[in-house]
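Pasting in a structure now, in structure tokens, and then I'll have a few things to ask.
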Amino acid sequence: MGKKEFEKDDGECSETQKPKDVDKEVRDGNWLVVVAGFVMYFCSSGISSVFGLLYIELERETGSEILTLSWIGSLFIGFSLDSAPFVGIIARYWSYWSLAVVGGLLSSTGYFLGFISTSLPVLYLGLGVLSGLGFGISTFATVVVIGHTFTRRRPLALGVCTAGVGAGMIVFPPVYTLLLEMYGLRGLFLITAGLFLNNAVLGIFLRSSQRDVQQPTQTVMEGIINPKLVKSGKFAIFLLFNFLYIFAFSVPFTYIPLRATELGISLPLTALLVSISGVTSMTGRVLIGMIAGNLPRARPWLLLLFISLSGIVMNVVPFAQSYVTLAFLGAVFMLFTGAANSLVPVLVVDMFGTDLLACSLGLIYFIYGIGSMLGVPVVALVCEAAGDNQWAFHVAGFCLYVSSALVVVCNRMKTPEGFFQTNDNVKKIPDVESNMEAIDISVIDLPEPVGTPAA
């Protein structure tokens, strides 16, 4: 009798646990984490969009040439993106929310060094290395947490998070111009350091979601280069696609303002081009996040469409002869690329699953850093050899066409054995009570965090 009662009690316990398991699958992540990611991307993109304005003021104060000063932005982009693979290794010892906090502190410290001294070595270290490294750590940690803790609304969550890129492009150019006039360069750096300190506070929001990022006990991240990824031809094609895409994406930020200057457009109106593009970039990211969640099979083809249209826009820009036309083309380009940027992390999960999400996203971000640093210098060499800056847009367009073709190739290839591929079309669990659908996803391959677990 005792045995039967034990079995009955055990069965009753398991029955009462089922609704909790289903609820865990249905429940999406914490939207405060999405807000934190939005602000982090807002600051990172905003700083990237105003480097041109900073170069002009730094040229006056330091007497250095623009070419020399441009390494500040290159270091910022490079360390921001190329730091991502190493976050996975550091996360063996630190939780993701701790990394986000440290990233915010590094970004703030970098600009505080710029307030102390405007010498080139200090600016390279502060505004370039430390600030870029800080943003790379904090944004990557946030994307990984969102990518795992959100299921049914993952595309929307990532879209809203990365929409901070567009918002930063809208707000930072006019605000930075005003702050430069009011407080000067050093005052601007001090204010920026205080602003970025808020990112450290926002990183604490990840703590409530850290416990939902479950770590397997039998698997350990195998460094930056995981053998499964190295042996995957599909992932290699996906990396090549990302390299060509970001290579082309970096070109318009330099050459559209240059084209505006060639047309005799004033500097304030040229700066406004960036803000206009930021509006459409944010719109594209949010809209595709809302749409892509209900169209899992169409996601690769939407990416193909947006990148192809972006290539067409690049080929048309050299023929723009007015400010209105140039502003329209820049806005359309950022609308399409904004949507494409939001689809990339979603497709990583769709094609390669969540088992190696941290490692795969880290390698993709690393490729982004290389492509971003090489894009403008390589295109500049082509333009110098051709004697015409318009070739920059044609090279960018060509790279976008090739990258769109690689999307088709990658989508046709089968996912190798050993990867868990999330199938939104098959693995759906209907919830009778709420009429919602939850996606049963695998456990992300993250290292066990050290320290006290989140309450």
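Any Cβ shown, glycine's included, is placed from N, Cα and C.
Note: TrEMBL annotation is automatic and uncurated.
Pulled these from TrEMBL:
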type	residues	note
REGION	1-21	region 'Disordered'
TRANSMEM	31-56	transmembrane segment
DOMAIN	32-415	domain 'Major facilitator superfamily (MFS) profile'
TRANSMEM	68-89	transmembrane segment
TRANSMEM	96-116	transmembrane segment
TRANSMEM	122-144	transmembrane segment
TRANSMEM	156-176	transmembrane segment
TRANSMEM	188-206	transmembrane segment
TRANSMEM	235-255	transmembrane segment
TRANSMEM	267-288	transmembrane segment
TRANSMEM	300-320	transmembrane segment
TRANSMEM	326-349	transmembrane segment
TRANSMEM	356-379	transmembrane segment
TRANSMEM	391-410	transmembrane segment
Could you give the residue numbers and ranges of same-chain residues that sit at least 6 residues beyond the transmembrane segment (356-379) on either side and whose C-beta is under 8 angstroms from one of its C-beta atoms?
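Distant Cβ neighbours of the transmembrane segment (356-379) are 74, 77-88, 91, 136, 140, 143-144, 147-148, 221, 224-226, 228-229, 235, 238-239, 242-251, 254-255, 344-345, 348-349, 391-392, 395-396, 419, 444-446.
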Mind checking which residues of the chain, 6+ beyond the ends of the transmembrane segment (326-349), have their Cβ under 8 Å from one of its Cβ atoms?
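Sequence-remote neighbours of the transmembrane segment (326-349) are 143, 147, 154-155, 158-159, 162-163, 165-166, 169, 238, 242, 245, 249, 252, 256, 259-260, 263, 265, 272-273, 276-285, 287-289, 292, 299-300, 302-303, 306-307, 309-310, 313-314, 316-317, 320, 357, 360-361, 364, 422, 441.
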Mind checking which residues of the chain, 6+ beyond the ends of the transmembrane segment (122-144), have their Cβ under 8 Å from one of its Cβ atoms?
33, 36-37, 40-41, 43-44, 47, 58, 69, 71-84, 87, 90-91, 96-97, 99-114, 116, 158, 161, 189, 196, 199, 203, 206, 213, 345, 357-358, 361-362, 365, 444, 446
Verify whether three or more Cβ pairs under 8 angstroms connect the transmembrane segment (300-320) with the transmembrane segment (235-255), leaving out any pair fewer than 6 apart in sequence.
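Yes, the stretches contact each other.
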Would you mind listing the long-range same-chain contacts of the transmembrane segment (188-206), meaning Cβ under 8 Å and 6+ residues beyond its ends?
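Residues packing against the transmembrane segment (188-206) from afar: 30, 32-33, 35-36, 39-40, 43, 47, 96-105, 107-112, 114-115, 127, 131, 134-135, 138, 141-142, 145, 176, 179-180.
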Sort out for me which stretch, of 31-56, 156-176, 391-410, has the most Cβ pairs below 8 angstroms to the transmembrane segment (267-288).
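By Cβ pairs under 8 Å, 156-176 leads among 31-56, 156-176, 391-410.
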If you average the pLDDT over the domain 'Major facilitator superfamily (MFS) profile' (32-415), what number do you get?
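A mean pLDDT of 82 is what the predicted model shows over the domain 'Major facilitator superfamily (MFS) profile' (32-415).
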